[in-house]
Amino acid sequence: MIPVVCIVGPTGAGKTAASLHLAAVFDGAVINCDSRQVYKDFPVITAQPTLEEQASCPHHLYGFMGIQEKMSAGVFLDMACPIIKEEHAHGRLPLLVGGTGLYLRALLDGIAAIPDIPETVSQKWQERCAARGAPALHRLLEAQDPQTAERLHPNDSQRIVRALEVQEATGRPLSWWHAQPVPPSPYRAVKIGVSATLDGLTPRLAKRIEMMLAAGALDEARNAMGICDNPRAPGWSGIGCAELYSYIKGAVSLDECKRLWLHNTRQYAKRQLTWFRREPNLHWLDGTDMAAMERLVHSVAGSTG
């Protein structure tokens, strides 16, 4: 089995610093496991590692997708698995780093082999959701796939749309696909959670927003708008991106933009903490305790050389 180290946790907790340290100690290669950091036009707003940080060791799957391209767990697996295999073959320790828990779960536990959904079908359901609202589509899903509807919040528009598009495109409910057996994982994983409390994170997140603005986040958003001026494009859905879009369009003041940005980031961190607290065999460690992280990685992954 291929040893991998997964470094997860809420946004702003210090995952990047931990990954760079472990990569230096264990001759590691960093692989992005964050659905927002794939977008090439938002390196500052999505807090991607700097070019200097990326030059310190191999980095993969950062800043390569266009604003109108859609990332998913399936796309992530198709890209990440060959990279993990190649880096392991070169004697480097793969480090999966990010806050998208679904991608980590797909990698370690497998994912349903759902066929690609035609863009026309996806767009149709997105437009219906925008026109009718998520609760109305949730009621429709209750009739078509009650098992999936039961576990989704009526306002969870993204997952409701996903379930309906799968139902239409494949003729089978999403719950059927999720019930199908998946092959065993080829990875031996150690999972590190960079610990943080929501109250402890909040001032750090507020400071990070100010640092992003000072680093050119507003110009970054303006440039991105010149590339794609469609707020429903996948790249614009990220926190920070959507709020800056509203500010540039004159819908909110800069102060309100920053308030919404912080509020939405905090809510996202809360959801991440809830998700990762349910993750089995996850070792929560202080982000500054690099020695403890080293011991944990040594005990499970050992040396790749």
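Heads up, the Cβ atoms here are built off N, Cα and C, so glycines get one too.
As annotated by Swiss-Prot, ATP binding site applies to GLY9, PRO10, THR11, GLY12, ALA13, GLY14, LYS15, THR16. A sphere of 10 angstroms centred on the C-beta of THR11 (ATP binding site) encloses 22 other C-beta atoms.
Per Swiss-Prot, substrate binding site is recorded for THR11, GLY12, ALA13, GLY14, LYS15, THR16. Under a cutoff of 8 A between CB atoms, and with a sequence separation of 6+ in the same chain, the neighbours of THR16 (ATP binding site) are ALA47, PRO49, GLU53, VAL97.
Confidence in the region 'Interaction with substrate tRNA' (34-37), given as mean pLDDT, stands at 96. Feature annotation from Swiss-Prot assigns region 'Interaction with substrate tRNA' to 34-37 (among others); the stated evidence is sequence analysis.
Among the features that Swiss-Prot reports, region 'Interaction with substrate tRNA' is placed at 158-162 (among others).
Annotation comment: Swiss-Prot describes THR100 as site 'Interaction with substrate tRNA'. Around the Cβ of THR100 (site 'Interaction with substrate tRNA'), the same chain contributes CYS33, ASP34, SER35, each under 8 angstroms and 6 or more positions distant in sequence.
Secondary structure counts, DSSP: the region 'Interaction with substrate tRNA' (158-162) has 5 helix, 0 strand, 0 coil. A simple way to gauge crowding: the CB of GLY9 (ATP binding site) has 27 other CB atoms within 10 angstroms, across all the protein chains here.
Candidate binding-site residues: PRO10, GLY12, GLY14. Fewest other C-beta atoms within 10 angstroms, GLY14. Within 8 Å of the Cβ centroid of the ATP site, not counting the listed residues GLY9, PRO10, THR11, GLY12, ALA13, GLY14, LYS15, THR16, the chain contributes GLY99, VAL194, ALA196, GLY287. Sequence-distant neighbours of ALA13 (ATP binding site): residues of the same chain at least 6 apart with a C-beta under 8 Å from its C-beta are VAL194, SER195, ALA196, LEU201, GLY287.
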